[in-house]
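A short worksheet on the structure shown next.
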Amino acid sequence: MILFASLLFLLHCDLIPSFLCPSLFSYLIAHNLNPLHFCSDWLINICRRKKELKARTVWLGCPEKCEEKYPKNAIKNQKYNVFTFIPGVLYEQFKFFLNLYFLVVSCSQFVPALKIGYLYTYWAPLGFVLTVTVVREAVDEFRRYKRDKEMNSQLYSKLTNQRIPSDMVFLRTSEKTGSCFIRTDQLDGETDWKLKVAVSCTQRLPALGDLFSINAYVYAQKPQLDIHSFEGTFTREDSDPTVHESLSIENTLWASTVVASGTVIGVVIYTGKETRSVMNTSNPKNKVGLLDLELNQLTKALFLALVALSVVMVTLQGFVGPWYRNLFRFLLLFSYIIPISLRVNLDMGKAAYGWMIMKDDNIPGTVVRTSTIPEELGRLVYLLTDKTGTLTQNEMVFKRLHLGTVSYGTDTMDEIQSHIINSYSQNSGNSTSSTPSRKPQLSAPKVRKSVSSRIHEAVKAIALCHNVTPVYESRAGVSGETEYAEVDQDFSDENRTYQASSPDEVALVQWTESVGLTLVNRDLTSMQLKTPGGHILTYYILQIFPFTSESKRMGIIVRVILGVFWVLCGNMAREGLRTLVVAKKSLTEEQYQDFESRYNQAKLSIHDRNLKVAAVVESLEREMELLCLTGVEDQLQADVRPTLEMLRNAGIKIWMLTGDKLETATCIAKSSHLVSRTQDVHIFRPVTTRGEAHLELNAFRRKHDCALVVSGDSLEVCLKYYEHEFVELACQCPAVVCCRCSPTQKAHIVKLLQHHTGKRTCAIGDGGNDVSMIQAADCGIGIEGKEGKQASLAADFSITQFKHIGRLLMVHGRNSYKRSAALGQFVMHRGLIISTMQAVFSSVFYFASVPLYQGFLMVGYATIYTMFPVFSLVLDQDVKPEMALLYPELYKDLTKGRSLSFKTFLIWVLISIYQGGILMYGALLLFESEFVHVVAISFTALILTELLMVALTIRTWHWLMVVAEFLSLGCYVASLAFLNEYFDVAFITTVTFLWKVSAITVVSCLPLYIIKYLKRKFSPPSYSKLTS
């Protein structure tokens, strides 16, 4: 055990001689790697050999034909197993210098020649720390095990409104259209519903059971990260001729998505860790706060001081006798320079901060899931936030209709409704079908239309140009035995809901319904609208051109005198609305037939297909008639704007990372005031090559004080060739928006900021696609919302609303950091002062390696005599919560780390040396006859000095602090009657004892009180000016 601990200790301190392995150590030094961490990572990598990912062939209903073995379809969030739990937890503890040092010291007490005191004085504190840690980790691990077991025990046969458990190819659906909608909120962060199409070969089968009787297989490419692409084929061999059907992303159902309509049947192609959702989720890491790392560095400095002091003592002895044994005994005597109670107090403090956060009535529902990093909330420089569900509610509301000369808002929508009612009441005698005559009068003279007719055409265009499908819920009690059973459906308005791949489109259709024109039915070839009078208008769909980020528009051709209605995207930046420009064009039958032939020919092209199709479609855009502009608002979460402003004033730089479209992301950035109205926005042009990235970066470099908007594809290219330059430029921007980001890209951006800036990062999100980002950040915050609890459960802190992050950082982050900094330095002061007294004592008595205080005095000093007042520092606060929220600029000082630095540490060292010297020399100067009086005078003065120093450190008194002071003093006074072994009871009851203790205590503390008073008077801290 001692050999093992010593080896670990030497590895940690980089003290293994390099000649043992010159090449290895040269490599480690060159790459700034710690040998201990390098060895452990090497062993972990050996144990985790990755299996090569391969393409696979999956036979329908014939699993015995599959020769390869694939991962089990199970979720595993546990960090350890039965065999690795104890070694893993111990490694995580002993990689900290503080704990490793005390392990070596405690083990040394088994050597008789090195034994200083009782074993329990060393092993009891260390055992307590390890026990608390192991129990805490065991509880957390058991909770993760229970959550995993609950998820993995779910059984599936048909997927109806459930999360899909694995990656599948979509074979069959109960929907007669052969397609269905799915929700991908937990995969890409978008709550828009996506249309998926079943494999046509299996959808056409007469019965469900035929799936198991045909001889068919699916060939799928090897698993990969990209959630937006898939290549595969479906082959049926028992038909004549053999059927080969190409499979793409529209034929897939990825794990963690939800079937929103109908019943789905699919064949599983990827399971477990090979699914897209798992591959885009990073493994959770054990997060260590910056304060802990800083304290770890300070303990190393204390260790060097300890070694130096011990060497000095042995040198002054003259290296007589077995000097190396004396050296080690001095190391043990002064070991209280590095207090084991530091870890105990900090861990208990962290638990207290977590309890205070969860009990704060101003942020109800907040949960602390990682209790080891509350101080990180007070050190953040970068906040990376999701958009959908985090900044916005993802609820679209129609706000404005603009006809060029007249504009309608939410308060004048009733006028539009009356125009629509009048328009259709005048045409009520016409046929209820819109199947038309085929000779439109395209050459009619242009006459200025009335407002009523313009509104009528605009509303009809909005009601037709979309990808929305109305859905009606089946009545309860319908038997599900037959797949396509005719079920009774309620076609009333109250039972109708809309499905679409964009919430904007749903908002538009809901608005047309509110003004009188209702979408009541739609399939792949037609749609039906209901007029205010109840008439049904049928329109036949000829072509649909979906929205793409390249074209930035969506279009549809319907047969209504062969009209074509187009939607083009614009931007109402000042109002923060998502805008659409609506236009139409009428075609003759000949014009349409000419377009259709060119369009079909372009779609069959092998080379440059997308460019050729786009060119043909763009030929229809000329000479269109502008109908209207619409404005839709994506409602923000409550108090998003003031919260973002508060965070900016606090010096926190905010980056928005979203999987949504560039236009939508830019619009939300402006409406949420992430980008101010007067601020320029630089939209990074799409780049695919190194040259293009270089030119665009140069163009961006010439901009000053402007927000950056960049897409995930362009970001990938820039990071590939110009990582350092891009991050350097982006970090200078007041705000950055990254759109079309995959979950892996989000996590990569977090790691880039950590690596290039060295600053602390925080990630906040609410969906499963945010989990990787949350786990990669120094501090992860999850919002429990509409997109489920996946982000909330994976986060370090869980909140219910985005606005709560303001109080979480400004108040609790500030208090946690300030309190832990004060607590940590005071505990070190407590160890330094008694070590100084030991050094003075040994120097006076001929450098003897004999302890000044033994047994219970040392244990009591670190526990019941001083523990309560010192720990009461977790209740201290320098600024009231109201003041911290009113002046968020105070947060900037926290990020500079001035509360705990080598400067403040050196001040506490000087205080400890001064007080330790005064206490020891004073006791030696004033004692008269017996040595036991030295112990009584110095130890009592020491206890009183510690209690007074706590009072000096406190900035805002709490009644529990007063109780702690008097409780500790009472415990010490009461225990004097039982300490006959250490004190002369007759002496400590005399007046002489009291005045000597009082005099020494006053000399040790009074100068510090005077200095504190003068400092506050002539150089007060910034927050004190505000409070006054």
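Using the three backbone atoms N, Cα and C, a Cβ is placed for every residue, glycine included.
Straight from TrEMBL, the features:
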- ASP386, THR388, ASP766, ASP770: Mg(2+) binding site (BINDING)
- ASP386, LYS387, THR388, GLU505, PHE547, ARG578, THR658, GLY659, ASP660, ARG740, LYS746, ASN769, ASP770: ATP binding site (BINDING)
- 424-437: compositional bias 'Low complexity' (COMPBIAS)
- 66-123: domain 'P-type ATPase N-terminal' (DOMAIN)
- 793-1020: domain 'P-type ATPase C-terminal' (DOMAIN)
- 424-449: region 'Disordered' (REGION)
- 1-18: signal peptide (SIGNAL)
- 120-139: transmembrane segment (TRANSMEM)
- 301-321: transmembrane segment (TRANSMEM)
- 827-849: transmembrane segment (TRANSMEM)
- 855-875: transmembrane segment (TRANSMEM)
- 905-925: transmembrane segment (TRANSMEM)
- 931-952: transmembrane segment (TRANSMEM)
- 959-979: transmembrane segment (TRANSMEM)
- 985-1011: transmembrane segment (TRANSMEM)
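Sorted by the number of other CB atoms within 10 A, the binding-site residues ASP386, ASP660 start with ASP660, the lowest. Across the fold, the C-alpha of THR388 (Mg(2+) binding site) and the C-alpha of THR658 (ATP binding site) stand 7 Å from each other. Cα of PHE547 (ATP binding site) to Cα of ASP386 (Mg(2+) binding site): a span of 23 Å. In this chain, the transmembrane segment (301-321) lies out of contact with the transmembrane segment (985-1011); the count of Cβ pairs under 8 Å, excluding pairs fewer than 6 apart in sequence, is fewer than 3. For LYS746 (ATP binding site), the same-chain residues lying six or more positions away in sequence with a CB closer than 8 A to its CB are LEU384, LEU657, CYS738, ALA763, ASN769, ASP770, SER772, MET773. Of the two recorded stretches, the transmembrane segment (959-979) does not lie close to the transmembrane segment (301-321), with fewer than three CB pairs under 8 Å once pairs fewer than 6 apart in sequence are set aside. With respect to their backbone Cα atoms, THR658 (ATP binding site) and ASP386 (Mg(2+) binding site) stand 5 Å from each other.
Counting in whole angstrom, ASP766 (Mg(2+) binding site) lies 14 from ASP660 (ATP binding site) by their C-alpha atoms. Pairwise Cα distances among ASP386, LYS387, THR388, GLU505, PHE547, ARG578, THR658, GLY659, ASP660, ARG740, LYS746, ASN769, ASP770, the recorded ATP-binding residues, top out at 27 Å.
The sparsest Cβ neighbourhood within 10 Å, among the listed binding-site residues (ASP766, ASP770), is found at ASP766. Summed and averaged per residue, pLDDT over the domain 'P-type ATPase C-terminal' (793-1020) gives 89. There are 30 other Cβ atoms within 10 Å of the Cβ belonging to THR388 (Mg(2+) binding site). With every protein chain in view, the residue among the binding-site residues PHE547, THR658 whose Cβ has the most Cβ partners within 10 Å turns out to be THR658.
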